[in-house]
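Trainee: Quick one: the structure is below, questions incoming.
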Amino acid sequence: MAPLGPTGPLPQSFLLKCLEQMRKVQADGTALQETLCATHQLCHPEELVLLGHALGIPQPPLSSCSSQALQLMGCLRQLHSGLFLYQGLLQALAGISPELAPTLDTLQLDTTDFAINIWQQMEDLGMAPAVPPTQGTMPAFTSAFQRRAGGVLVASNLQSFLELAYRALRHFAKP
């Protein structure tokens, strides 16, 4: 698919807001991971990867944001869809534990705000799809351990997602 729409730099105000929102989401995700590590000794996401596959924890694609195929419209759509997916995953973690509920709620709200910001920018550029993305099937965490392990994996995957998003948005900031 050929790149469509504007390919010039994104507004500085949008990029600064994205950077601020990314930092918030990363801090929230780190807080969730640190609490799960300290409280439940779930400290190494790499040890939980197989469980993540078994639970069906999806990871959003960011192929349009990679340096090989970077395109503004596709990347913004994938960023929005990815954040929307993480909203659903975070909702699926509800009930993880009483002490983590406030952190999870904050992470969910900050992720939602970031997704809304991306959507508004797509609308401003005339690039918003006619139909917003759908969430798809979310994993069913059937035990407290699965929710906690899922929390570690979702937070870890979200951090990786945000790192790639950050690099892509910085590229679009260049004149």
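Cβ coordinates are placed from backbone N, Cα and C, and glycine is handled just like the others.
Relevant sequence annotations retrieved from Swiss-Prot are reproduced here:
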- Cys37-Cys43: disulfide bond (DISULFID)
- Cys65-Cys75: disulfide bond (DISULFID)
- Thr134: O-linked glycosylation site (CARBOHYD)
Trainee: Hey, of the disulfide-bonded residues listed (Cys37, Cys43, Cys75), which one tops the CB count within 10 A?
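Mentor: Answer by Cβ density within 10 Å: Cys75.
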Trainee: For Cys75 (disulfide bond), which DSSP three-state class applies?
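Mentor: It is helical.
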Trainee: Highest CB neighbour count within 10 A among the recorded positions Cys65, Thr134?
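Mentor: Output for this query is Cys65.
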Trainee: When DSSP states are folded down to helix, strand and coil, where does Cys37 (disulfide bond) land?
Mentor: helix
Trainee: Does DSSP put Cys43 (disulfide bond) in a helix, in a strand, or in coil?
Mentor: coil
Trainee: In whole Å, how far does the CA atom of Cys37 (disulfide bond) lie from that of Cys75 (disulfide bond)?
Mentor: 33
Trainee: How many whole Å apart are the CA atoms of Cys65 (disulfide bond) and Thr134 (O-linked glycosylation site)?
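Mentor: If we compare the Cα positions of Cys65 (disulfide bond) and Thr134 (O-linked glycosylation site), the gap is 20 Å.
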Trainee: Rounded to a whole number, how many Å is the Cα of Cys43 (disulfide bond) away from the Cα of Cys75 (disulfide bond)?
Mentor: 31
Trainee: Could you state the CA-to-CA distance between Cys75 (disulfide bond) and Thr134 (O-linked glycosylation site) to the nearest Å?
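Mentor: It is 17 Å, counting Cα to Cα.
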Trainee: By the DSSP assignment reduced to helix, strand and coil, which category contains Thr134 (O-linked glycosylation site)?
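Mentor: Reduced to three states, the DSSP call for Thr134 (O-linked glycosylation site) is coil.
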